[in-house]
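Enquirer: Got a structure here, written out as structure tokens. Questions coming.
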Amino acid sequence: MNIEATLKNYDLSKLNVVTIASHSSLQILRGAKRHGLGTVAVAKPGSGWFYRRFNFIDNVIEIDLGSMEQLAGDLVKNNAILIPHGSYVEYVGWRRALSMPIPTFGNRYIIEWEADQRKKMRLLEYAGIPIPRSFNDPTQVDRPVIVKLSGAKGGRGYFIAKDAGELAGKLSSINTDDYIIQEYVIGVPAYYHYFDSKVYDRVELFGMDLRYESNVDGRLFNLAEPTFVVTGNIPLVLRESLLPTVQKYGEDFSRAVAELVPPGMIGPYSLESIIKDDLSIVVFEFSGRIVAGTNVYMGVGSPYSVLYFNEPMDMGERIAHEIVNAVKRGKLINVLT
């Protein structure tokens, strides 16, 4: 869409932040309201009642999320800025996200890369970030591996195999070839939250978390195969000596996206990693938008946010801060696609 032409008809004093009512929407909309922006939640039929309980949400619209384009005209008339997150990627789909006729905060084109596991790894490799070994031929597997399906499904459908024989048996039971086989790296998981600011021209390391996954983090007692469906998140603070490496990876990723997926990273994104016992960091995934792990800091702010703003701020507030200050500096077009 022609963002510049659309913004000419916007009343920039009456912007409305719009997002799908799921994932990190409460954090996003609360942050928008705190910064004086209007707020709209687009909910699946039957789920809007929950979001109507919160007075920081001005309007809750229930609609089949696959038909969200039907709302675009009215939303644009009301100066809408769409904030994508994982549920938007999953339920609306990356193809619709690319063509959605609503100005979108962030780089909407990275969503296509995020939806494809092979393109994901290619982008990380291009950035020069250490990644796990991948196997194109299942018969060549010589170590424990994890099989990952494409799409933002919160880890649903992923599984582990200890060797090539076990892998062959498990692959025969799935009905898709849209997956990658990746070395299962042993270590501590850590998920890093970044914000690429066009207002301040910097990449901010804004926080980090651990995922709590069912049932690999539950009580298996050898009664079930481990699965990786995300059920929640846990705050994390890293030892300070690791922070320069994490910052460098975030900046390297931002540079790679600028080269391969113009106009580059805008706003929140995440690198997902394993920290090995030698303290080396291997990155196995990225998310090109806000991640649900940022919810652990909602209302209290990440401890790292004070390093930039001298006050705690959560990612929802950070997004709103960027929008408001982009308007003040005449840079709103620089944070939208």
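Cβ coordinates come from backbone N, Cα and C, glycine included.
According to Swiss-Prot, the domain 'ATP-grasp' annotation covers 121-328, on the basis of sequence analysis. If you look up Swiss-Prot, you'll see 144-191, Glu213 marked as ATP binding site, on the strength of sequence analysis. The Mg(2+) binding site annotation in Swiss-Prot covers Glu272, Glu285.
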Enquirer: Mind giving me a neighbour count for Glu285 (Mg(2+) binding site)? Other Cβ atoms within 10 Å of its Cβ, every protein chain shown.
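Expert: If we count other Cβ atoms within 10 Å of Glu285 (Mg(2+) binding site), we arrive at 19.
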Enquirer: Take the Cβ of Glu272 (Mg(2+) binding site) and count every other Cβ within 10 Å, whichever protein chain it belongs to.
Expert: 16
Enquirer: Where Ile186 (ATP binding site) and Glu285 (Mg(2+) binding site) are concerned, what is their Cα separation in Å, rounded?
Expert: 15
Enquirer: Tell me, how many other CB atoms lie within 10 A of the CB of Tyr179 (ATP binding site), whichever protein chain they belong to?
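Expert: I count 17 other Cβ atoms within 10 Å of it.
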Enquirer: Rounded to a whole number, how many Å is the Cα of Glu272 (Mg(2+) binding site) away from the Cα of Tyr179 (ATP binding site)?
Expert: 18
Enquirer: Which one of the binding-site residues (Pro144, Gly165) has its C-beta surrounded by the most other C-beta atoms within 10 angstroms?
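Expert: Answer by Cβ density within 10 Å: Pro144.
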Enquirer: Counting other Cβ atoms within 10 Å of each residue's Cβ, which of the binding-site residues Tyr158, Ser172, Ile186 comes out lowest?
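Expert: Sparsest of the binding-site residues Tyr158, Ser172, Ile186 by Cβ contacts within 10 Å: Ser172.
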Enquirer: Once the DSSP letters are reduced so that anything not helix or strand counts as coil, what is Glu285 (Mg(2+) binding site)?
Expert: strand
Enquirer: Tell me the Cα distance separating Gly165 (ATP binding site) from Glu285 (Mg(2+) binding site), rounded to the nearest angstrom.
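Expert: Between the Cα atoms of Glu285 (Mg(2+) binding site) and Gly165 (ATP binding site), the distance comes to 26 Å.
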